[in-house]
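Encoded as structure tokens, the structure appears first; notes follow it.
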Amino acid sequence: IFWKSSSFSALRLLTSCRFSLSLSTLVSFSRLLATFGLLSEYSYLYIFYVSGYIFRKGTVVNTTVLVFMAGSLMGFSRICGSPEMVIIGRFITGIHSGISLSVVPMYLGEIAPKNLRGFLGLVPSIFIGTGVFAAQILGLHELLGKEEYWPLFLSVVVVPTFIQLLLLPWFPESPRYLLIEKNNVHATITALKWYRAKCDIQAEIEEMQEEQRSLSSVEMLSVWSLLLDDSVRWQVLSVVVINIGMQLSGIDAIWFYTNDIFKNAGIPVPEIQYTTAGTGVIEIIAGLIGCFTIEKVGRRHLMIGGFTMMGICSAGITLALILQLLFMRYVSVCCVVGIIAGFCIGPAGVPFLITAELFKQSHRPAAYIIGGSLNWLSNFTVGFVFPFLQMSAGSYCYLVFATVCFSVAIYVYIVIPETKNKTFMEISRMFSKKESILETQGLFHVDQLKLKKMNGYGGLEHTSLEFDSSSSVP
């Protein structure tokens, strides 16, 4: 949770160590470390996947050892006078973050009943926001923000990990994993009774058995096999678009330059740290709004509304930078708040939830690897490219992010169906119906077909000939 929030503190800790490294060299180290973290965390996750080790709860529990290793290295780095310990600690934390951000949403998506899947799917984003806010508070100068406390600040990450290690082993494994992948009916019933208490679990077991029968001749797919599988091309494309759009929306650029925007708005420099911490409260509130409304308004509306709000506010920041009027300073602050709120309402958590819902059990781990890898790759692409984009485009740089936000919102509106209160098999059949329509495309010229809006789902409409009722799956 504290991994992303403490990035700047880690770099400052390196500069405070007694080593003659220039600032440019340290920045290069930091960027190289980020890239290594990106590569290592997903290569590590892929090793878990191909070895058949990716059982959900067990993976989260067993990888807590990585956090304790990282916290110890960073915590004792000053005593040992070794900035390399911070680098190694960050490297290990990156591995753990990559695994957790893929396995935890998968686990929650599989244990949740369909009427609460959206709520539980957004819970991780709430606690990530809470962790960011806690790190912002602890990083204040009056607390752990002083130079001598940075190693302690970086090692605080072991506290929530210790709580997790005490509680999570008492929870059952994912029932879907136990039945569909391990074929352990007794353990599945025991786990479902634990999670559902007095609720009737018969219908849910039958739904899982239906999915198990449909996958009886299908092995766990690799990433490459998933990319080559034409039957799930729209699902894969949707995961690619929303995960790339999540990071290319410019949220990281906004977080990085928040202090400068607040400074230009006239907020005194000593008070900026408190104002920045206040944005953490906005993250939590916006996340709670999304969490408690997702089962009412649906996934699509939260993503469309969130990306649209971010696009409008990004355009507003561009306008404020161009006009340079006195009151526009305050408009830019409002736009920053709007971007953060829009992001936390939907785009921050829904992509991870959607990734679980769009795929069957055999496809899901590979889908998370694809979505998560692109998510992190886009994250670091923004970090590398944005300074150069700002130098070349000037005040218009935020229009790039606005364009991305509007484009993703349009894609979600046209293509992605509403998955609220639907089983995984029902969602799969929705996409199968689309594939059956697409198969008729070979009988007609491509110009005869066009996309249309169909029951909250992107379908194809024939412009000159009518499809037979037998040509689509009911």
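A Cβ is built for glycine as well, from the same backbone N, Cα and C atoms used for every other residue.
Just so you know, TrEMBL annotations are computer predictions that nobody has curated.
Lifted from TrEMBL, the feature list:
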type	residues	note
DOMAIN	1-420	domain 'Major facilitator superfamily (MFS) profile'
TRANSMEM	60-79	transmembrane segment
TRANSMEM	85-107	transmembrane segment
TRANSMEM	119-138	transmembrane segment
TRANSMEM	150-171	transmembrane segment
TRANSMEM	236-257	transmembrane segment
TRANSMEM	277-295	transmembrane segment
TRANSMEM	302-324	transmembrane segment
TRANSMEM	330-354	transmembrane segment
TRANSMEM	366-389	transmembrane segment
TRANSMEM	395-416	transmembrane segment
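The stretch from 119-138, 302-324, 330-354 with the most CB pairs below 8 A to the transmembrane segment (236-257) is 330-354.
Relative to the transmembrane segment (302-324), the listed stretch 330-354 leads the set 60-79, 119-138, 277-295, 330-354, 395-416 in CB pairs under 8 A. Here the domain 'Major facilitator superfamily (MFS) profile' (1-420) returns a mean pLDDT of 80 for the predicted model.
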